[in-house]
Every structure is written in C-alpha cells, then in structure tokens.
Amino acid sequence: MAALAASRRRCRLPLYDFLAPRPARIWVRTAASASAQSEPASLPLTEEQRHFLDSALRVNQAGELAAVLIYQAQTPPVIRSHPHLRPLMQHMHDQEAGHFRLFNDLLAKHRVRPTVMYPVWRLAATALGWGTALMGREAAMACTEAVETEIGTHYNDQVRELLAWLRAMEARGERIGPELADLVATLRRIRDEELEHLDHALGNDSKHARPHELLTSVIRGGCRAAIRISERI
Amino acid sequence: MAIPPRIALFRRRIPQSIVRPVIVRHCRCFSSCLRDAQQQKSTSQLDDGLSTTYFGFEKIATGLKEARVGAVFSSVASSYDTMNDLMSLGVHRLWKDYFVRGLDPGTNPLSASPPSNALPRGWNILDVAGGTGDIAFRLLDHASNVHNDYTTRVTVTDINLDMLAEGRKRALATPYARSSRLSFVEANAENLVNIPDNSVDLYTVAFGIRNFTNKEKALREAYRVLRPGGAFACLEFSKVNNTAFDAAYQRWSFGAIPLIGQLVAGDRDSYQYLVESIAQFPNQTEFKDMIMDAGFIVPGRGWEDLSMGIAAIHKGIKPVEGSAPQ
Amino acid sequence: MRKNQIFPNAFLHSSANRVYFVFHACPSPATPSPPQRYPHPPYNIPIAPSNPPGQSLRSNCSNYYSNHLEGTVLSAALTHVPALGFSDAALRAGARDAGYTDATASSMFLPGEGAWELVRWHLVSSREGLGAAWRESWEALEEKEDMAEEQRHKVLKARARQLVVERLRMNTRAGLVARMSEALAIMAQPSHVPAALRELAWLADEFCFLAGDTAVDGSWYAKRGALATVYAAAEMFQMQDGSVEQLDTERFVGDRLDEVETLRKRVDGVGEWLGYTGWSVVNGLRSKGVRI
C-alpha cells in the first residue's frame, strides 16, 4: 500500500489535450461552403472515439495495477529460492510501476473514471502473484507469460484501432494532433516492454511449469474476462 | 341557337386537361385515362432533356408534377379524412393533436409582455398545404381554450382550390368561419406571393411537403416569411426506425392501401401515388439537413418520431439577428 | 493562462444528446480561470473550422447554433424562474427577452419537457460556474510530496467544503431557493431521474477535480459518492433554512463533511489494521521457516 502511494508521485508527462472531456463533435456551418483550406483542419474526437479511449485507458490502468501487484507479491517467494532473479524482478516491477504512474496521470488529467472493480482486481492480482510464486519459479514465470501475452495482445489491438483512426483522419485531410500521435507511440512502447517481459518469462523456463497448459489457459481466460469487465464498468 | 359547325369542332378539340377538374369530380373513372394521356405527353417531353422529378415512383417532367398532384388531391378532397383514416388507421388524428399540443400556440394576453409591445399580439400562423383546415382548427382551438388567446390568427394556404373549398365548408361548423382569425388563401408554397417577409410567427405544414415539387424552394419561402425567432414545424410521413416493423409497414402500404382505396373510394391510382410519395420522401436525417440548409436552426436532435417513425415532426427556428450562421 | 482568450465555455457532458454551450465574452480579469495544473482546460473546446473537406458536417449532434440558441434562451429564462417557477411561462419570458418568440420557446424542446430543461440548465450552468470558485492557490494535492496523508485529507476536506458552500450559494444568488422544491419534484419524475442523478455525479466529480484530488484508485468512487450525498442533503436543508445568510446550511455542510471524514478514518483504520495483522502473520510464519 505504501509502495502504491509512493508510485502516485508526479512525473512529467506529455499532455494529451485531445482527450480533454468535450462533447460530441461540433462544427460550424458557413454560408460559403467548402472553400479552399489553407491548412488541414483539426477536429475534436467523436463521441464513439472518446468512449473508446475512456474505456481503453481504464482497462490499461487496471491492467498495470494488476501487473504491479503480481510482481510485488511474486518477488519475495521467488527471490527466497532464486536470489539471482532479484534484478530481473526489480526491473520488471519498475517498468510496470512506470506504466501504472503514466496511466494514473492520464486518467486524472482527462477525468476518466477508474474501474469499479479496482479493489477486486487488487485482491485478485495479489492472490494470483502469491499463489503462483508459492507453486515455484516456473509457475510464477508461467503466470507472467500468460498475463503478458494477454496484455500484449490487448495493447496491440488498441494500437491497431488508433492507427486506423489516424489513417482515416489522414484520408479526410484532417491534421493529426501531436498528442494523439504521442499516445500511439507510448502505447507501442508499452506493448514492446510487455512483450519483453514475456520473453524474460519464457527465458526463465516458464514452459517447464508442471500444469503449464492449465495454468496459462486459466490465467489468460481470467485476464480476458477482467479486460472485458473493466471496459464496461 | 345552333352552334356554328366550326366552333363546335373547336370545342370538341379543347384538351381535356383544362376541363379536367369538372369531369373528375363527377366521374372518377376518367382519372386513369387522363393519366395515360398525360403519360404519353410527358414521355415525349422527357426526350427533350428537361429536368425531371418523381411523382411517386414515376419519373416525370418537373413542370407536370404540380398538375398531377393537383389531380390527385382534387379527386380525394371530399374524402380526405377517409383517405387519411385508411392510410394511418385513424392515428393521424392523434398525430395532429400531438403536433398542435407540442406547438402550444397562443399567448395568454395577461402574461407579461416585453416592454416594447404596447398590446399583447396574438400569433400569426401560416398553415401551408392545409386546405381542409385540420391543423388550422386545432391551432385556433388550442390558442383559444388553453391560453384564452382570441387574437391568434391562422392563414390556411393551399394550391388546390378543391381542398380550400372543403376547408371553407368545414370552417362553417367552427366559431372561426366568419371571424378575422381564419382565412383561406390560394397560394403555391414555393412562391408565397401574398405573404410579406418576416411576418409569420409559426409556419406549419402537415402531410403536405412530400407533394411539393421543389421542397428546398418551399423551405426557403418558409424562411423568408417567418419572422426572426419564428418556428417552422412540419408533420410528415417518414421512415420507420425499426427494421422488422418497417417490413410489415411496407407490406401494408403497398399491398393493402391501394386496394382499400380502390374498394372504398374507387381511386386506386391516387392512393398508389400517395403511398409511393411516402417512400420517395427523404428520411429524417436528410430532411433535417434540408431544413438546416434553408437557414433554420434545428433544435435538439432535429426531429421527433411518431409511432416508431411512421410520421415525424421536424422543427426549425429562424435565427435572430446577431446569431445567424455566417 | 487564457484569461484574455474568448473561448466557449462548453458543458462537458452530453446527456441524451443535449449539449449546452455558454459563450462568455472575455472573462473578467478578477475571476480566476479554471485550474491550470494541466495546460489543457476541460473547458476549452476547439471549434471546428469551416467545412473540412470530405467530412460530413451533419453528424449525430445538433448544430452549433442550436446550442447557442438554447443557451441564450435558457439563461434568460432562468432569471424569470424566481417569479414564474420552473415552467413554460418562464421559458417563454426568457425567449422573449432573448429576442425570440413564444413559438421558439414551444419548439425548442420536446412537448412538456420545457420545465425539465430549465432545471437541467440550472444544474449544468451552476456546475460550470464552479470554476470561478477555484482558487489559484489550490495546487494539485499530489504535487506536494512532503505532505502527509492526513494533511492531504484535511486540505481536501477544507477545499471541498468551500466548493459545496459556493455551489449552494449559487442557488441563493439566483433566487432559486424558494423554487428548489419544484425543481426536485421535476427531477424526481421517473423519466428524469437518471439524468438528474448523472448531474449529481458530475457535480461531485467537479468538486473533486477543482479541489485538486487526482487519486484514481478505489477511493475515487468513495469520495464522489460522499460528496454527492453531502451536497444532496445540504440542498434539502437549504430549502427550509431561514437563518441569516443561510449560515446554518454552511454549518450543516461542515458537520456532514466531518462525519464523512470520521467514517473514512474508521474504514481506513480497519483496513490498515487488517493489512498490518495479515502481513505480520505472514512474516511471522516466514521467520518460522514456512515457505510462503
């Protein structure tokens, strides 16, 4: 809990003005229609786009919360038996903590509400991390593998959707705000870091976990369900 | 006195379209023959590359639409209520009641007036294509009974003299027949010559605008005659918003209504036209856009669906100086 | 700071596709601008320039001028509400003041919804006007890293109290306290209840945002729920408060916030105790050699 409070420390972040709460797309009608534009227009987001981004950020924050807590809970049992894994666990935890801070700031700035299931996910993530760590290093790595696979896929889908928006905006001749482009770049970076965690987990014998298929499929199913729930509420 | 043979010959060659109104009222069976005659005439004109418009599903020269629509309404004038009852199963009365209630015409003379006005001024309402006076009577009743406003007046215009005659006849049963509050004027909605600019508080058109040849022109005329802050209100058949119900509605419209028209009123073609003109009318969003294009401010969503979209009420407000769109 | 910039003060949240815009001329230099912690202001709405190529202007929502019309007429109508109540008569008087006609007042909204739209306008415009109650000295609570948790809560409570009282004072300033029971009756109609509750939730969110609370964890809901309850209770109290300058209402708000604070302390205390006890047990077992 103290670690989480510390993680709420401010950090300098690029600012995503495009996400500013605003109503549905507005426009001005002019009598002289469609005269030549000196520069491409920059329009606010539509209601659907804004709704998508709200739920995307909400899910991302919940996901990073779960990741941080899983690593926090996994670290003591794993390090007790394998002290050489301390730097790796620390590195992964710090990266996740950075992501968590980023999404916290985004949510606060754009007044997006967090998911109602926040305390439930806290408990579940702590229990999952602790449980898999008690089952052994391989099981802990298998848990990491499953979670990172799902999260990586999830971020990939978001990036794909945003890139589709950017393409549509370019096709319409609209100017893409720097903030939106920034967000896409940030999500790509985070996705790559999550996939890097996946590689670490695979490199640490996650496939050797005894009930590997069962464990990973259960965890992946749970992650998918949690993502779907967090998107809505 | 015997008619000289030459003149008799001339009289026999008078085109039937001129004496049509008289003939049609007495014998409806001519309506189909007339339509065939006019169709031959119209196809030859189409080849000259004139602008065309739709009469139901039929493509005709623009100049002919007015006459054709006139023919339809002349033939149904006396049984206009029956026609509406058949087409909407009596619900049109509810729609019209709701339409007028929503407009809430009339101002209580005792309510606070702005300092600029010395005396409370009743509304000046223009009801276009409202020949038989359905809406006009409701408007006047509402103003008188709900707001105790006996100065609000309604001008009913229609392009069809038969419909106006029917309206005048029905007005005799109301208290407004010989008062200055109700007048019947023949006018073309696309060219309201008798109505000065910026003079009308409320412009209503109920189940009429789909028959206009040029709706955009009519909307611009509405914009012209309304005073700043005045309201345009249109009640019209529109597109059903539920797909399943729409399928049933289409079957009813195209299957049953012309048949009922044939059986009850003996005029299948008029009812066929009416049903086709509903299908040809733009949907709610498109019509809202047309209203906005004419310069009106469209409040809220832009329309209100009645009976799941079978009818829709579209409203527009003429902007006041200083807030008009550039 | 954008003090000299003309911008539309837009109402952020559209409910039932209704979006309001209020256009202010340059805000007077005396009134502070909304919080500038983040350079984006939630109140700044970039207006789309004319006809972007290839884009349909006629999208889902009503047009720009429709919103301007509603804003003008409703704000004028609100000045008549003390005399005429939340009713169509007030709406008509407002339309006349704004240069429109009675026909406009009837056609602007769905039949029978005029009174509700007036109430909603009052709720939304007051919520937006709360930005003026924000103080420049109110930095983000999270930025003060040396502040203890308790100190942070105390500061938050004080700011929240000021904001709630300010919002209640808006009711008095607009002369609407006598008409509040009418407004509540309209809000209590079943078709309006969801929208009214949504407005209350947004008001609570506005309180938290302006007070500088940036926590987005589980307490997000608790804080907003508490503030919404306190505000709703205080508004009911205000309706029958006859004290001088409604000081009793302010005292009421203070008392309720104190109760919320006490409750929070107790819940947090229980949580903390459970946490510490749990960890102590785990660590004790670990020290005994149990591999957990």
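Backbone N, Cα and C atoms are what each Cβ position is placed from, and that goes for glycine too.
Packing around A:Glu64 (Fe cation 1 binding site) is summarised by its Cβ count: 24 other Cβ atoms lie within 10 angstroms of its Cβ, all protein chains included. Taken from TrEMBL, the feature Fe cation 1 binding site applies to A:Glu64, A:Glu96, A:His99, A:Glu194.
Annotated Fe cation 2 binding site per TrEMBL: A:Glu96, A:Glu148, A:Glu194, A:His197, in sequence order. Counting only residues at least six positions away in the same chain, the Cβ atoms of A:Met92, A:Gln95, A:Thr144, A:Glu148 sit under 8 Å from the Cβ of A:His197 (Fe cation 2 binding site).
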Using the Cβ center of A:Glu64, A:Glu96, A:His99, A:Glu194 as the Fe cation 1 site position, which other residues in that chain lie within 8 Å, going by their Cβ? A:Gly63, A:Ala67, A:Val68, A:Gln95, A:Ala97, A:Gly98, A:Phe100, A:Ile151, A:Ile190, A:Glu193
Neighbours of A:Glu96, A:Glu148, A:Glu194, A:His197 excl. site residues, C-beta within 8 Å of centre, Fe cation 2: A:Ala67, A:Met92, A:Gln95, A:Thr144, A:Val147, A:Ile151, A:Gly152, A:Glu193, A:Leu195, A:Glu196, A:Leu198
